[in-house]
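In Swiss-Prot this protein carries:
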ACT_SITE  His20  active site, proton donor
BINDING   Asp28, His106, Tyr128, Ala129, Asn130  substrate binding site
Amino acid sequence: MKKTMLLNAQLSRCIASVGHTESLTICDAGLPIPLSVERIDLALTAGVPSFLQTLNVVTNEMYVERVVIAEEIKEKNPEILTALLTQLQQLESHQGNQIQVEFVSHETFKKFTLESKAIVRTGECSPYANVILYSGVPF
């Protein structure tokens, strides 16, 4: 059995296969997931697991150099945005790098998900709780 935080085999395999500049999306329960992209559905019930819990576990396993967030989160879900940006600052400190944060429209965000290696669906039921993580290299 693995000793690290992430126990989900499908998600663990996916993170291990993500190469430099490739992306992984973590989303709320409502984001449409294109049929052409692998779906890793973790949602059990409303709020379980949460977006922030899932982000924390994934970023403990994945080196991140860039993120994309929907602009609409600023107005519609500022609490999640604040917590997300705080987690990213902590991740920068842990990784020793600066993470580029880019805001785009929700429509553009959905188009970007088409290029993700996989989309991880959480049980989060708050608006615009979505992020695209782009892999960096730890060397």
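In case you wondered, yes, glycine gets a Cβ from its N, Cα and C as well.
Sequence features annotated in Swiss-Prot and their locations in the structure.
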residue: His20; record: active site, proton donor; Cβ within 10 Å: 10
residue: Asp28; record: substrate binding site; Cβ within 10 Å: 20
residue: His106; record: substrate binding site; Cβ within 10 Å: 17
residue: Tyr128; record: substrate binding site; Cβ within 10 Å: 24
residue: Ala129; record: substrate binding site; Cβ within 10 Å: 29
residue: Asn130; record: substrate binding site; Cβ within 10 Å: 27
**Prompt:** Can you list, in sequence order, the residues of the same chain other than Asp28, His106, Tyr128, Ala129, Asn130 whose CB lies within 8 Å of the CB centroid of the substrate site?
**Reply:** Cys27, Gly30, Leu31, Ala70, Glu72, Ile73, Asn77, Phe109, Ser126, Pro127
**Asked** Cα-Cα separation of Ala129 (substrate binding site) and the residue listed as 'active site, proton donor', in Å?
**Response** 24
**Asked** About how far apart, in whole Å, are the alpha carbons (Cα) of Asn130 (substrate binding site) and the residue listed as 'active site, proton donor'?
**Response** 21
**Residues Asp28, His106, Tyr128, Ala129, Asn130 binding substrate per the record - widest CA separation, whole Å** = 13
**Request:** List the Cα distance (Å, whole number) between His20 (active site, proton donor) and His106 (substrate binding site).
**Result:** 24
